[in-house]
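If you check Swiss-Prot, you get these features:
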type    : residues                                                                  : note
BINDING : T29, L30, G31, P32, D86, G87, T88, T89, T90, G413, N476, A477, A478, D492 : ATP binding site
Amino acid sequence: MSKEIKFSSDARTAMMRGIDILADTVKTTLGPKGRNVVLEKSYGSPLITNDGVTIAKEIELEDHFENMGAKLVSEVASKTNDIAGDGTTTATVLTQAIVREGLKNVTAGANPVGIRRGIELAAETAVASIKEMAIPVHDKSAIAQVATVSSRSEKVGEYISDAMERVGSDGVITIEESKGMQTELDVVEGMQFDRGYLSQYMVSNTEKMVAELDNPYILITDKKISNIQEILPLLEQILKTNRPLLIVADDVDGEALPTLVLNKIKGVFNVVAVKAPGFGDRRKAQLEDLAILTGGTVITEELGLDLKDATLEALGQAAKATVDKDHTTIVEGAGSVGAISDRVAIIKAQIEKITSDFDREKLQERLAKLAGGVAVVKVGAATETELKAMKLLIEDALNATRAAVEEGIVSGGGTALVNAIAALDKLSEEGDIQTGINIVRRALEEPVRQIAANAGYEGSVIIDKLRSEKVGTGFNAATGQWVNMIEEGIVDPAKVTRSALQNAASVAGLILTTEAVVANKPEPAAPAMPPMDPSMGMGGMM
């Protein structure tokens, strides 16, 4: 395929057009009075959203050079979303502002490499200032404030803060679609995995169709149990204690399953069997987690252990186990706090090293089950379109809240970025490097300008007044009042704010130092079939 090449200002100008198209679309959503954008979907109803990264990913431009500019900004939004989970619109606004001012200077004859150095230096300094401003987040009300600002909904803020209070900052909070119109929070305490009883005859509560075991022993093995003789010595020991038994094994089949069921029905002893969760190496890891949580040992040939030789000391224990047809939940395992803490530390270390998003998600689920539990926010709405929009809002709020717990909070509404400008006054460089610093200085004001504009105010007037206010005071675009942003609960996670600036500065610097752009040349359209002459008859037809 032949290529089309543009150089110097032609290349940068074409990319800037694409950047402007994408950024102008996304930035209308910024702030408490930001608007929505409607996205056409290839199937189903259109998506109405104000989520910056979702909008950016949908934009494809016909002109290849413009599209490359748009895709570079989309990459900024995606990267910010990956790191902090929110702040994608802010990152887009910052990128546009830095590139636009930078191009003016490059076109006027400035050295783009020097400007890039100045941009990077200013960004590093501003990020350090933002980190210094950060206030740690611990209490429930602060968490609710972060979620409320991100989602623009106090109700969502309550759901997120309740969920984090129940399962902890390491706990897993998942978002699912509700079957009804109401949004609700469901918290599963203890360890739960998606395996149910192997026979419905093991049910103890026929009304709810669940098996409930109080103070059970838990046999954990990666082996298949087909012969009852393999576990008979162990069953005899358990029978003497008059306590129930939960068997977690690779499988229970052959004569073993009907024998266990028969003894359950006759009331000889209370036993429930379930398959082990997961597959392959992930199954081994989950069984080890379960053993540590309950204070037991995995009966496996890898450790030289045999079911015939198992004793009560090898079994796990818990305050309660509940098993339905799809799930097993174990509450208050008897494992030692030290062993569980060590296991949690190992999993956290694995999460930091892992590169696969899927593997990271699975590790986080394991971590949550050990650390506290799983909370499920079930999103309800009147229509499918509203449901999709609500899910995106809650996902952003959840990500922002986690970022706030991790690195603290700063004044919201773009105020922290403007406050960080003071740190740039300490930088004293020359020539193009100083020009780059000044470009970032101007760009840091842009989010406040845009938030004000979206709320119907003049951005320049707001910025002029904000410069004269003391640090922490900002403009509440929702009410039109000047307030202490932290006290008013208008806050942003420090991680979100600094990630937006870091990613915007990085990509903007690369765009400004671009001297040539290579794109695929559009293929000429195939000639259309000539129209049929109506005077020509259809042969063979009357």
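The backbone N, Cα and C atoms fix where each Cβ goes, and this holds for glycine too.
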Problem set entry | Position of peak Cβ density within 10 Å, selected from the binding-site residues T29, D86 | D86
Problem set entry | Max pairwise CA distance, angstrom, over record-listed ATP binders T29, L30, G31, P32, D86, G87, T88, T89, T90, G413, N476, A477, A478, D492 | 20
For this session: Going by DSSP, give the three-state secondary structure for T29 (ATP binding site).
Result: helix
For this session: Reduce the DSSP letter at T88 (ATP binding site) to three states and note it down.
Result: helix
Exercise. Who sits close to T88 (ATP binding site): which same-chain residues at least 6 apart have their Cβ under 8 Å from its Cβ?
Worked result: V26, D51, G52, V53, A56, A77, S78, T80, N81, A500
For this session: Run through the Cβ atoms and count how many others sit within 10 Å of the one on A478 (ATP binding site).
Result: 16
Exercise. Across all chains shown, how many C-beta atoms besides its own are within 10 angstroms of the C-beta of T90 (ATP binding site)?
Worked result: 29
Exercise. Around G31 (ATP binding site), how many other CB atoms lie within 10 A of its CB?
Worked result: 25
Exercise. Secondary structure at N476 (ATP binding site) (DSSP, helix/strand/coil)?
Worked result: strand
Exercise. Near N476 (ATP binding site), which residues of its own chain have a C-beta under 8 A away, given they sit six or more steps off in sequence?
Worked result: P32, G413, W482, V483, M485, E488, I490
